[in-house]
Amino acid sequence: MTSSAIRINKKPVVLSGIQPSSGMLHLGNYLGALKSFGRMQDDYTTYFMLANLHSMTFPQNPEVLRENTIRIAAQCIAAGIDPAKSIVFLQSDVYQHNQLAWVLGNVCIFGEAARMTQFKDKSGKQGNISTGLFTYPILMASDILLYDSAFVPVGADQKQHLELTRTLARRFNAQYGQTFLVPQPFECSIRIYDLQDPAVKMSKSSATESGTIFLLDSPDKIVKKIMRSVTDSEDVIGYDRETKPGVSNLVVMYSCLTDCTIEQTVNIYSGKKYSVLKKDLSDILVEVCTTIATRTNELLDDKNYIRKILVTASEQARGVAQKTIDRVYEKLGVY
């Protein structure tokens, strides 16, 4: 294992991240983001950010957040984010994120931020919301633009935020001259749904824990959750999100874990009962999650090693970010 600095080269930059507000990653995080990001590490300069500043948009227990950050870092590394290939850093350790966010906040028009559907959805469900929730997309834009990110993996819920980032980059460039690289989306089409309510995404905050496979779940829990997952009465394995959302969800999981296409998976299980697919999927998930859990526990036995990775990577990220801030401040006349 190594925590030495990653050599920055001329490969296109890909930036991704995850909030450590919960100490548990689930299957949706793994298949929808971590697995594909892990495969990018050889072909791109990859930054993976533990977005603890974004976690502050809702109240956090400081000690719990600190512990969860280490736990999430361990799980991400165990799931394939290699600190020898990626710059795995802590957002709060790179103060330039806040510096650029202030600049971009003065480039963003109030109405643009107010139109963000995620803000409208969350603010509609909460009572007293923070200004930080409103400015969340601006900080996200700062995260992306600081590192000259060429590509950003995004799901459907973040596409609007990335489009705002692109708008702000183009606006700044038009006003002050070429400064920012305008990032392109890597659209993540993989969506894993709740096992008990396949109309909604799998989430750490599902209505019932049985709807979510956590990467650190025990083998028994994984088997029970899969075998009890909602399907339908037809017992015909196929893929149709409208009429067969439950079994379609299982088909997607199997396909992602085995690198099969949807069509190949459906053909493999043609004429077989749901129980056969569930049994095979359970076996695969137990193997994958046990491997991740074992590695996670090894890493958590030496938390100082994880902290050293984050400190080293954050120092390197600051060096890159400062070059962007210097460029921006010079254009603005505040340097």
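Going from the start of the chain as shown, residues are counted 1 onward.
The backbone N, Cα and C atoms fix where each Cβ goes, glycine too.
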Of ILE190, ILE192, which does Swiss-Prot put in the ATP site with GLN19, PRO20, SER21, GLY28, ASN29, GLY155, ALA156, ASP157, LYS201, MET202, SER203, LYS204, SER205?
ILE192
Around the Cβ of ASP143 (L-tryptophan binding site), other Cβ atoms found within 10 Å total 26
Helix, strand or coil for MET202 (ATP binding site)? Use DSSP.
coil
Under 8 Å between C-beta atoms and at least six residues away from its ends: which parts of the chain pack against the motif ''KMSKS' region' (201-205)?
22, 24, 26-28, 191-195, 211-214
For ASN29 (ATP binding site), write down the residues of its own chain that are at least 6 apart in sequence and whose Cβ falls under 8 Å from its Cβ; none is a fine answer.
ILE18, LEU215
Would you mind checking how many other C-beta atoms are within 10 angstroms of the C-beta on LYS204 (ATP binding site)?
15
How does the model score the motif ''KMSKS' region' (201-205) in terms of mean pLDDT?
89
Report the largest Cα to Cα distance, in Å and rounded to a whole number, among the residues GLN19, PRO20, SER21, GLY28, ASN29, GLY155, ALA156, ASP157, ILE192, LYS201, MET202, SER203, LYS204, SER205 that the record lists as binding ATP.
21
